[in-house]
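Enquirer: Before I ask anything, here is the structure I am working with.
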Amino acid sequence: MFKKTKITILGATGSIGDSTLAVIRETNDFEVFALTAFSNVEKLAELCQEFKPKFAVVPDLSKKQKLQSLVTDVEVLVGESGLEKVSSLAEIDIVMSAIVGIAGLKPTFAAAKAGKKILLANKESLVTAGHLLIDEVVKNNAQLIPVDSEHNAIFQCIDNHDKKCLPEIDKIILTASGGPFRDKQLHELTDVTPEQACNHPNWQMGRKISVDSSTMVNKALEVIEAYWLFSVSADKIGVLIHPQSVTHSMVRYVDGSYIAQLGVPDMKTPIANAMYYPKRGSVNVESLDFTKYQLTFREACFERFEALKIVFNNLQNKNYAANIVFNAANEELVAAFLNKKIKYLEIIEVNKKVTKELNFENPKNIEEVFEIDRKTREYVDSVLG
């Protein structure tokens, strides 16, 4: 008898959750076992009615009561303990880790400790605690499969998806669209509005990640992820601006060969690849018509995109705590920008100041990660007044 793969989707109401559920709708291979949401209870209720999960998780009791008033045939759990439970249940096979921000850290670790197949879209798990998460994955024989289009592309380009071929890799090259302001100089961005920063030319994404794309913070975080996912030194990671977002990333091998993964910019492709791995599943994605594209590439200038400069410097110095500071400061500053409390250029300007002024030892456990994160946010709040 055919057995469906049971999946927990952390962050089911976000853009990655949407694409994951779109894949599930098109196939008959997956059973949604648990769904979680932070604020959009109405949408979560609709998803519960459609997919009939056994569990749903919301952040607090008031949202639990609201969800229970909308749906009756699902067990509603609350808070961090609920997230960790649905990430580690014996019945589930796959955990889609798509919560935005450091809130995704503990449930991702819970899935790793339970030996689950983790589809990783939550950047912060690797950005803030990469050394700790990789240790947990290895120790518990879990699987960590990247969902970001760039890292999933690299995952597909590396022979056997393991580390036996690492000596053969000369360079991992991440591509970046460059965002909506890729052709503008910094002095032209003084009066950028949140609406302009969120208007990504190629991808449909949430507001925070759209701003991160425009500042190239998103790509800087992806450099950190690649560092941990593929066990390569910082000098073996490169970034190219590729406005068409068709070549999702590539690997250069020591014999001069380049292997790239291409496709239309649709998150269903990397998500389906991760969900079905080690096989491939059929999903409804537009075919790539090569006759319609002229693919162009250019170097990502570190002076123009200073987020890259900050992160590469942190990795070269093995200053992993500084990456926690960088990430926490960015989250606070982007929120301030979206609420029109600071100017667009201050996102990076203030982050440079904070990253330079705060110094911590590399964390030895997840509690220390959260402590560095908390202190950074408090410091940013004091700077912003």
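Quick reminder: no glycine exception, Cβ is built from N, Cα and C everywhere.
According to Swiss-Prot:
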BINDING   T13, G14, S15, I16, N40, N122, E124, G206  NADPH binding site
BINDING   K123, S149, E150, S177, H200, S213, N218, K219, E222  1-deoxy-D-xylulose 5-phosphate binding site
BINDING   D148, E150, E222  Mn(2+) binding site
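Mind running through what each feature is packed against?
Expert: There are 18 other Cβ atoms within 10 Å of the Cβ belonging to S15 (NADPH binding site).
Under the DSSP three-state reduction, H200 (1-deoxy-D-xylulose 5-phosphate binding site) is assigned to coil, being neither helix nor strand. The Cβ of H200 (1-deoxy-D-xylulose 5-phosphate binding site) lies under 8 Å from the Cβ of S177, G179, P180, S210, S213, S214, each of which sits 6+ residues away along the same chain.
In the three-state DSSP scheme, D148 (Mn(2+) binding site) falls into the coil class. Counting every protein chain shown, the number of other Cβ atoms lying within 10 Å of the Cβ of D148 (Mn(2+) binding site) is 26.
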Enquirer: Give me the long-range Cβ neighbours of N40 (NADPH binding site): same chain, 6+ apart, Cβ under 8 Å, in sequence order.
Expert: T13
Enquirer: Of all the binding-site residues given, namely K123, D148, E150, E222, which is spatially nearest to S15 (NADPH binding site) at the Cα level?
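Expert: Result for S15 (NADPH binding site): the nearest of the binding-site residues is D148.
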Enquirer: Rounded to a whole angstrom, what is the C-alpha distance between G206 (NADPH binding site) and N218 (1-deoxy-D-xylulose 5-phosphate binding site)?
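Expert: The separation of the Cα atoms works out to 12 Å.
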Enquirer: Please report the Cα separation of N218 (1-deoxy-D-xylulose 5-phosphate binding site) and D148 (Mn(2+) binding site) in Å, rounded to an integer.
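Expert: That separation, Cα to Cα, works out to 11 Å.
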